Amino acid sequence: MSWDQVWIDVNVATMDPSISAPYGAITNAAIAVKDGKIAWLGPRSELPAFDVLSIPVYRGKGGWITPGLIDAHTHLVFAGNRANEFELRLKGATYEEIARAGGGIISTVNACREADEAELFDLGRQRLNALAKEGVTTVEIKSGYGLDTETELKILRVARELGQHHHVDVKTTFLGAHAVPPEFKDNSDGYVDLIINKMLPAVIAENLADAVDVFCENIAFNLEQTERVLSAAKAAGLQVKLHAEQLSNMGGSELAARLGAKSVDHIEYLDEAGVKALSESGTCAVLLPGAFYFLRETQKPPIDLLRQYGVPMVLASDFNPGSSPICSTLLMLNMGCTLFRLTPEEALAGLTLNAAKALGIEESVGSLVVGKQADFCLWDIATPAQLAYSYGVNPCKDVVKNGKLVHQ
């Protein structure tokens with residue numbers, strides 16, 4: 001056989017639902033890679049003969065290989081920080097109170113408007129490096145800290161540039177409807193007009209976004225405004241998704257389902273009608289335990305209902321300066337289990353197969369199957385559950401991206 005590399009002495013959590021074992025596991029396995037894709041995968045005892053003198057062989061020392069992790073919800077291109085708001089919250093101020101007083105998203109907007117692309121790129125690269133060290137091979141990056149055409153485009157350009165200069169694949173999302181900027185404080189409909197008539201066409205003209213998102217909440221945009229933005233995005237051929245049901249239940253999830261959204265994110269206040277709608281539309285539920293933890297929320301997402309209706313559950317970092325300044329997917333695995341009572345297998349699926357579904361890329365990544373992209377990680381662990389069980393010592397030993405060893 002002519003392959004580019006072979007991995008042996010490994011166990012593989014394929015996350016392939018067609019394999020009945022937990023995690024889609026194959027123990028005592030081997031993987032062969034050719035032209036950036038998985039060419040062979042199965043028990044080591046069934047590995048076809050190959051020329052060991054000409055093909056690189058990597059030995060996993062009994063560790064576990066998983067698909068490369070996918071962080072399907074981040075805001076990692078931003079300037080400044082909001083440590084002062086952290087102190088205010090510890091003194092009793094709520095996220096909504098801070099936002100209504102002009103803090104929150106708007107304070108980061110001001111910092112991003114002042115920053116140039118070089119500064120934003122450098123900050124973003126540091127954060128992307130941190131995720132990559134934990135086995136992340138694909139990440140979604142949202143805009144939303146510009147709230148004017150120039151700065152929204154600037155953030156999206158930086159996100160695209162990060163993807164061009166880093167081994168991690170970057171999917172970009174235009175989130176101009178993240179908050180109402182000060183200049184439109186009493187005219188949110190006018191700002192929605194600006195998004196639809198000026199911002200979105202400019203984003204499309206430069207091919208800067210793979211999807212469009214809206215923060216559908218009582219401190220941001222109502223259902224009618226959300227539908228206007230997402231309908232315009234769909235008409236332009238872009239995927240749609242939304243932040244919804246984080247602070248209240250406005251019916252955003254049912255709207256998302258009706259529009260065929262890829263995902264609804266946060267969903268702490270999601271009810272059974274919303275869960276049923278997501279199930280019927282195939283929309284993913286993105287759980288963001290970092291924000292739940294950092295904001296000290298008490299209303300948990302309806303995990304049992306999501307299980308009952310078979311809605312794909314995704315885990316993501318929501319890395320951002322205000323509500324989840326936590327740049328770690330491994331910590332999300334632990335939080336998903338300890339805070340939301342996911343099983344370790346559900347948590348890992350939420351950062352692999354289901355995360356790929358939320359980004360519309362499940363045909364190429366998210367599970368380890370012959371023909372899919374060779375994106376995988378080797379972990380120094382005895383069982384996949386260890387990834388969620390323990391935090392603090394990074395067990396990621398090797399990362400293969402598009403068939404190339406990028407971290408060792």
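Any Cβ shown, glycine's included, is placed from N, Cα and C.
Since we're looking at a predicted model, the values are computed, not measured.
Here's what Swiss-Prot has on this protein:
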BINDING   His73, His75, His243, Asp318  Fe(3+) binding site
BINDING   His73, His75, His243, Asp318  Zn(2+) binding site
BINDING   Arg82, Tyr145, His178, Gln246, Ser323  4-imidazolone-5-propanoate binding site
BINDING   Tyr145, Asn320, Gly322  N-formimidoyl-L-glutamate binding site
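Positions of the features from Swiss-Prot, shown on the structure.
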residue : record                                  : Cβ contacts under 8 Å, 6 or more apart
His73   : Fe(3+) binding site                     : Glu140, Lys142, Ser263, Asp265, Val286, Leu288, Val314, Ala316, Ser317, Asp318, Ala358
Arg82   : 4-imidazolone-5-propanoate binding site : Gly103, Gly104, Ser107, Thr108, Pro321, Gly322, Pro325
Tyr145  : 4-imidazolone-5-propanoate binding site : His75, Val77, Phe78, Ile105, Thr108, Val109, Ala111, Cys112, Thr151, Ile155, His178
His243  : Fe(3+) binding site                     : Asp213, Val214, Phe215, Cys216, Glu217, Ala220, Gly252, Asp265, His266
Gln246  : 4-imidazolone-5-propanoate binding site : Glu217, His266, Ile267, Glu268, Tyr269, Ala291
Asn320  : N-formimidoyl-L-glutamate binding site  : Thr74, His75, Leu76, Phe78, Thr108
Ser323  : 4-imidazolone-5-propanoate binding site : Tyr95, Ala291, Phe294, Leu295
Within the same chain, and leaving aside His73, His75, His243, Asp318, name every residue whose CB is within 8 angstroms of the centroid of the CB atoms belonging to the recorded Fe(3+) site, in sequence order.
Thr74, Lys142, Asp265, His266, Val286, Leu288, Ala291, Ala316, Phe319, Asn320, Ser324
Would you give the longest CA-CA distance, in whole angstrom, between residues of Tyr145, Asn320, Gly322, the set recorded as binding N-formimidoyl-L-glutamate?
11
Suppose the N-formimidoyl-L-glutamate site is Tyr145, Asn320, Gly322. Which further residues of the same chain have a Cβ inside 8 angstroms of that site's Cβ centroid?
His75, Phe78, Arg82, Ile105, Thr108, Gly144, Pro321, Ser323
Suppose we draw a 10 Å sphere around the Cβ of Gly322 (N-formimidoyl-L-glutamate binding site). How many other Cβ atoms does it contain, all chains included?
24
